[in-house]
Structures are given as structure tokens and as C-alpha cells.
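Some features that TrEMBL has for this protein:
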TRANSMEM  20-39  transmembrane segment
TRANSMEM  88-109  transmembrane segment
TRANSMEM  147-168  transmembrane segment
TRANSMEM  188-209  transmembrane segment
TRANSMEM  216-236  transmembrane segment
TRANSMEM  256-278  transmembrane segment
TRANSMEM  298-318  transmembrane segment
TRANSMEM  324-344  transmembrane segment
TRANSMEM  416-434  transmembrane segment
TRANSMEM  471-488  transmembrane segment
TRANSMEM  509-534  transmembrane segment
TRANSMEM  540-563  transmembrane segment
Amino acid sequence: MVLGAILTPCNVYSGLKIGWSFNMSIVAALLSYGFWNLAMAPLGARRWGLLENNINQTTASSAASIISGGLVAPIPALALLTGQTLPLQWLIVWVAVVSLLGVSVAVSMRRQLLVVEQLTFPAGVATAETVQQIYARGAEAAARVRMLVAALMVSGAVKLVETFSGWIRAWPLPFQLSGSGAMAGRTLGGGQLGFALDPSLLLVGFGAIIGLRAGLSLLIGAVLAWAVIAPVLLARQAVVLPAQDAAFWYPALVEWLLWPGVALMVSASLTAFGLAIWSRRRTPNQTAASRSAVDQPISRQAFWLAFAATLLLAVVAQVALFDIAIWVAVLAVLLAYALAVVAARVVGETGIPPIGALGKVSQLSFGVLAPANLTANLMTANVAGGAAGQCADLLNDLKTGHLVGATPRLQVTAQLFGILTGSVVGSLAYLALIPDPKAMLITAEWPAPAVVTWKAVAEVLSGGLSAVPDGALPAMGLAAALGVLLAIMRAMGPAVLSRLAPSAPAAGLAFVIPASNSISLFLGSMAAAVATAIAPAWSARFVIVLAAGLVAGESLVGVLVAFMRLAGAAG
């Protein structure tokens, strides 16, 4: 909890400053290992074990991920639009309740995603691999640790140089497309469409972990979205570029492309979820091992009781704090559950949580159900985003625990303590950094890009479906149908089709993130596949270790930079 209290303000600061936050799992694991080893001799402390480290890491990362509860986006956006700010005690309650909903979703999804489908959850795998290597012994373990440290140092050095010198930057791919229609006579550069080699080695590491199927699906989705659909949108003026021409058109294009991308992710994920439930009902006589008490965080009766209590708390909080109608509050919680399921599957396959895109789905839904109500639009989406964020964080940690042999029940308990810590410390940090949101936010000192986005979307989508860009609704219908088809093919088709079917959640995510991110993830997956084909024995020993080092190095430097900037702001 102490470590979580230290790391949480970093994410609050980063979220308000640059719109990004960091998964603190690896950072927490390494810091706790280092601190305890330093303390063992002078304090006479006993050895800090691997499973204890895992519980510590779960608590700390849960606390640091509390910003998904709304502290850096919907809550400040609400203050800018309506002037409403929550006192400290109610801000703590709100953030905690929203996060608890995500825990209940993660608990319900754990067995299906981790045990039955064995989804990758690359952040969880990277954390598990890192922790296992630092606790391992012997010559083989030493070789893996050397590989881990070397990859960590290279990745961290690249991130440092990129952050402070500008010598390393994204390299646009040198190709051009001929414009047509409204863009006739112009060329569309690869860099303008987002096709570039991103210097982020963290993404390459994630790609090596997620595997070639997800990597190829991301590449296919990126080419379809940014090289095929985007030029058509520009030609037909479905998307209008800013008056001041930019070198990077992603911000304008993603406002259209995110809608079919989200539809593809949502339809495929919910279809897969429904098929899993249907399959489980058809085969109720499972082995005792598959349903062992150790494998279940809590009993089914306890889960439904906890879920009902969480639902009630979330509804009461919305009604009491924001005067949201009861029926709207209930629908918000149910939609949050569905979108958290989507986030869980996308994170499981790609490692990237689509929280912002899913928040827009919620904002659109309640723009239709409760038009012109900015408070309902923002805070119901806050419920969805917070639940999705905590669900993704816990499932990553549960994946780590699954790989190292931790007890799920203890991990869930640790997550709850982390939420308690993060809610208190995160709320204190937010109010200390931004005592006057209207005067301080969206300024040179506090750009708050996530706040800008949520505020703008609330203003636009409060009008309902009319705010969806022209042509996006039919595209959503086609994408939703494709998502359902791919999910059915994956679950029920012949083995060959099941293996060859692209990952719909990964392809949908490629519509939402820059093409350069998808390319990096694909390159990582391809490199791992080639290494496995050429040197299977070496790959079995080192590929995941190397990938974990790439993830850990950039993560550590990212947190270090956030600490430095936070110290500078405090000074």
C-alpha cells in the first residue's frame, strides 16, 4: 500500500499533463524486490518471496491505476462544463465505487479468459517473467537474467534519449497515395496517415508476447483503416482536415474511424462472451480440477452477493452525487459491465486497453437516452471507463499470479486494498495539483488532453445519434456483423478456420490507435515468430524474457520521468 501511495501521484500527474498513464506492475515488483533485499541485512528481515512480491505488485498497480476512475478525464471535464466539484470525501467514495465495479467484472471473467481460453495478457506475462527471473537460481537463470537486464537497459536508454534529446523519433514510412475527390491533386503521405516506425520498444515487446495471430490482425486492421478507408473519407469529405495542414492526420481521422473499430471490438467480444456462457451451460459436468476452490477467487454465491452490492453502490452514488435518474444509473452500470468485458478481451489479446474509445460508446448511448444532460453523459461514461480500467488491471495481475502460482483470492483482496489506497491518495493528489480546474486546466502548464477530449465529446454527443459522423453508422453495422461472424468462426468453426480467423478485437483496436502502434506490435510478433522458426530452443529460453525486458525498461524510465516532472511541479 505504501508503494502504491508513492506511484499513484505519478499517474495522476502524467494523466493531467500528457494524457497517458503507466502500468505499474513491473515497476512495483522490481521496487519491492530491491527495497526488501536492501532492508534484509540491516533490519534482519526475512527473505521477500516471489508470491509475496506478487501480492505487493497487485496492490501497488491497483492503486496506481485508480486514475481510470475518472480523476484525469471525466471528473475535471465535469468541473469545466458545470462547475461541479466533489469534496474530498465524496471524491474518494466515487472513485472507489467505480473501481470496485471493475473488480467484480474481472472476478467473473477470470476463469473464462485465463484458464479456459488462456488469453495472453502481455503485461501480465511480462511481469510474471520478470519476477520469475529475478528470483531464479543457477546458470540457466543467470543467463536469462542477463538477457532481461540487457533488454531493459536498451529499452530504457532509447526512452531516455527519445524523451530528453529528440534524436530518436518516429520515422514515417516513405510511401504516398494519390488523392481523389476532394483530395484530387494532392498526395497522401504515409506519415500523414500514421504509418511510421515508432521508437517504442515497449510495443515491440508486447508484440513478441501477444503472438503472430494478434500481430497480423493489428496490421490488417491498420492497413484497412488508415490506408484504405481513411483516403476514401478524405476524398468524400466525410472527414475535414484542420485549416492549418498538419503532418499527422490521426486526430481528425480517428473521430470517424473509432466508431466502426469500437463496433468490431464490442460485437466480437460480447459474442465470444455469450458463446462461452452457452458452451458452459451445455457442458455442466466439468472436472473437479477445473472448478477447484483454489482456482476460484470467491464462490459463486459470494460473487453474486458482491456484484449486487457493487451495483447498488454504483447506482446510489450516481443518484446521490450527480442527481442522475435511477433508471439511467442502472443502465450505466449494466453497460459498464458489458464494456468492461470488451476491455478485458482486447487487453487479453493485445495488451492495450481501449478505455477512451469505450467511453465514447457510453457517452453516445446516454446522449441518446438522456439528451442534453452533460452530467449524465460524463459520469455514466466515467462508470464504464473506471470499470473497464480496473477490470483490465486486475486481469493482468491475475494472469501474473496464474503463471507464478499465486492464490486468486489473495490477489483480489490485494486489489481491494490497492483501490482503497489509490482512491485516497489519488483524490488527494488531484485536489492538490488542481485546486481550481476552470482556471488551471487546458493551459500550457496543464494541457490535460484527456479532459479536452471528454469535454468535447460530451458537448457534441449530448445531442445523440445526430452527432455521429456521416457514414459512420452504416460502417458500425457492417463492423458489428463482421465481429459476430469472426467470433462464431473462432468458437465454432473447423479447426483450420479457427486458427486462420483474424482476431476481431485486435483488428478493431487498430482503428482506434495510430497505425505506427499497430506496426510496432506486428513487428514484435513477427520477430518472435521468425526467431521461433529459426532457433526454437533459443526462443523457448529467451524470447519472452527479452520481451519482458523491453517492456520493463521503457516502463521504468516512463515512471522515472513522471517522478521528475512531479517533483518539478511540486517545487
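Quick reminder: no glycine exception, Cβ is built from N, Cα and C everywhere.
Contact between the transmembrane segment (416-434) and the transmembrane segment (88-109) is present: at least three CB pairs lie under 8 Å, with pairs separated by 6 or more positions in sequence. Relative to the transmembrane segment (298-318), the listed stretch 88-109 leads the set 88-109, 147-168, 471-488, 540-563 in CB pairs under 8 A.
By number of Cβ pairs under 8 Å, the transmembrane segment (216-236) is matched best by 256-278 from the list 88-109, 256-278, 471-488, 540-563. In summary, the transmembrane segment (88-109) lies against the transmembrane segment (324-344): three or more C-beta pairs, each 6 or more positions apart in sequence, are under 8 Å. Take the transmembrane segment (256-278) and the stretches 20-39, 324-344, 471-488: counting Cβ pairs under 8 Å, 471-488 has the most. Of the recorded ranges 20-39, 147-168, 324-344, 471-488, 540-563, the transmembrane segment (509-534) has the largest number of C-beta contacts under 8 angstroms with 540-563.
Counting C-beta pairs under 8 angstroms (sequence separation of 6 or more), the transmembrane segment (540-563) reaches the transmembrane segment (20-39) with 3 or more such pairs.
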